[in-house]
Structure formats: C-alpha cells, structure tokens
Ligand SMILES: [Zn+2]
Ligand SMILES: [Zn+2]
C-alpha cells in the first residue's frame, strides 16, 4: 500500500498518542495489571514521577513538585468541573466544525431533523448524570440504605463504620472522598460527570454513555459518507469504484480528510473517541452482566491475589442468616427478599496467629479457587438491568 509519507507520519503519531492515553487511563484495571500495558502504567505514574522528583529536589528544593502536587490534589480529590468542561468543549467544538464542514452536505430531510436531536442528547444526559443524587447516605436515610442490599460476608460485612459519616456502612456502599459522603452501591467517582456513579444515578450514567456513543457513531457515519463522496469526485469521471484498490482508496480518503479540514477533524475525532467510548460502555455492560461494580471488581481482584497467596479461609455458618425462610417471591428487590443467600463466612488471614480470632465452632477450610466465593449480587443480566432502571428509593 503506497501511503503518502506525510499522512503515514500523522497516522502513526495519532495512533501512538491514543495508545499512550489508553495506557495512562486504563493500565490500572485488574485484567491488565500483569501485562505490558499495566507495566507501562506503572512506569508512567510511579517510576517517571520518581525521577522528576529527584531532579526537582536538586534544582529547586522541590518547589515545582509541591505546586504540581497542589494542582494535582485539586484536580484529583476536589469536586471541579474541568473534565466536564473538556467534554462540553469537545462536543460543542465538534458540532461547530460539523456545522462548518458537513451541515450543507446533509443529503436528506431525515438527517437535518436527526442531527439536532442527536446533538442535544449529550447535553441533556450529562446534566442528568451530573446533577442527580447518586445515592448520598445521610443519617435520615441510613436505615433505608441498610435495607437495599444484603451483606455478602465477603466484600461487605456488617459492623464496619465509616469514620467520616459515623454510621455502619451499608452493603455495597463506599465513602467517596471527593463527594464527601457514603454513596449507596457506589460504582466509581466519574470525573466526566463530576459526580459519583451510584445506586440512584447509574441509569443516567448509562444514558450519558449511550448518547455519547450515538453522537460519535452518527457523526462518523455521516462524515465518512461525505468523505467517500469527495473521494469519488476526486477520481477521474467514470472511474469504476469496484476496481479501485484498497491502497488507492485509503490514500484518497486520507487526502480528502486532510484537505477538508473541518470534515476531517470531525471524522477522526468521532472515530478515535468513539472507539474509547464504546469500549468503556462495553465494560459497564460487562459489569451489569457480572452483577458487580467497578469498586467491587477491585475487591474481587484482591481476593484472587490473596487466594493465590493461600491467605483466604472460609467456613459455613448455617445459624447465621437472619433472613432464612422469609423470602417473598415477588416485589421490589431489597436485602429482605434478595433471591440469593449465602451462609458462608470468608476471612483473609495473613499471620497464622490470627487463626485464633476465627469462630472455633465452625470448620474452616482454605479457599483454593475464586469460584468458591459466591457473588450473591449476581442475579443475572436482566434482573440487574431492571434494578438499574427501576432503582429502589430509600
Ligand atoms: Zn462515609
Ligand atoms: Zn464521588
């Protein structure tokens, strides 16, 4: 394939940059931890900063690092709209370029009606996801929050208190240091929406993801067809398109993309961010399917490592479950009618002396495989989806 060297360099630069951004943002995901992507992430966030700190200590006595740390702490641990504004800037900028380069080229009334509708979706869903209560647990609704999910006695055990909020932590909740509250069924704190994703706003988070995917796919579809038409026009009149080789076609496509700048930027932007956005959405659908949350996947991956280190012990305690025999077959799901129950107890024992603290009336066995630990929150994809759409009020 004879690709113009200038175009090839641009392509290589764009691809390498996307790869680096991917490593920086997603290299910490448990599945990637022991891969070159995970090592790259470690190098970027741990080893390189170490070198930088050493050099700064020598040159300025650490002043640059202190300033960066202050900024970093603000960006990472305070509520601020920087990333929201970045998102809005990308969407608005993209739409403006679309208006400049593509609006007049729309070929049917259907699209002139659809474009404004699709364009408004990210603004509406971003607003909903950002400004809906993700499920703040307050003293006045704490009792209700405790009844949302049963304890699984693996990742969530009763009797643990949040040191900031000063109440018992409900199952599946997590204290968010940025939102400064415990959040019911906390998934993660999302910088794109400047809010936690939790029990009450996860449906808006999904609609935000979906509307981002839709605008990017639709934008890519429209602009790539327009560029295809430019390619056809750029070839000699009467060229049989079925005889044009992939190499020539691709070359012409890239050339038109660069020549018609606004159209080209929209097309490339939609393609690259679209891949990321769809991958991220796919990951969240996987979490629904697995009946888990981002927060819980980190806990599960810790258990996996602890099991490999022979540190996890399990016992059955049939006398424990207070809800046995009280399982209504219908009604909204909550801790009292949760369809899956477990009588297992799971503990991590690092030092052999800690075995003393385990209940001596029970028979303790070492866990050999993660599959022995049951995820009671996995009630199937459709039920989980239903609980996302029709969240229980508390
Ligand atoms: Zn808390
Ligand atoms: Zn938060």
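Just so you know, glycine gets a Cβ as well, placed from its N, Cα and C.
TrEMBL lists 157-300 with the feature domain 'Palmitoyltransferase DHHC'.
Annotated transmembrane segment per TrEMBL: 12-31 (among others), in sequence order. For the transmembrane segment (12-31), the list of distant contacts is 37-38, 40-42, 44-45, 268, 272, 276, 297-298, 300-301: same-chain residues at least six beyond its ends, Cβ to Cβ under 8 Å.
Outside the transmembrane segment (82-103), and at least 6 residues removed from its termini, the chain residues within Cβ reach (under 8 Å) are 75, 115, 119, 122-123, 126, 130, 191-194, 215, 219, 222-223, 226, 260-266, 269-270, 273. TrEMBL lists 82-103 (among others) with the feature transmembrane segment.
For the transmembrane segment (109-129), the residues of the chain that approach it from at least six positions outside its boundaries are 84, 87-88, 91, 95, 98, 103, 190, 192-193, 195, 197, 201, 204-205, 207-208, 210-212, 214-215, 218, 222, judged by C-beta separation under 8 angstroms. The annotation transmembrane segment is assigned in TrEMBL to 109-129 (among others).
Residues or ranges marked as transmembrane segment in TrEMBL: 204-228 (among others). Same-chain residues lying 6 or more positions outside the transmembrane segment (204-228) and placing a CB less than 8 Å from one of its CB atoms are 91, 94, 98, 101-102, 105-106, 111, 114-115, 118-119, 121-122, 124-126, 128-129, 132, 187, 190, 192-193, 197, 253, 256-257, 260, 263-264, 266-267, 269-271, 273-274, 277-278, 280-281, 284, 388.
Remote same-chain residues near the transmembrane segment (248-271) are listed as 1-4, 7, 10-11, 14, 90, 94, 97-98, 100-102, 105, 216-217, 219-220, 223-224, 226-228, 230-231, 234-235 (criterion: CB distance under 8 Å, separation of at least six residues from the stretch ends). As annotated by TrEMBL, transmembrane segment applies to 248-271 (among others).
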DSSP says what for the domain 'Palmitoyltransferase DHHC' (157-300): how many helix, strand, coil residues?
87 helix, 14 strand, 43 coil
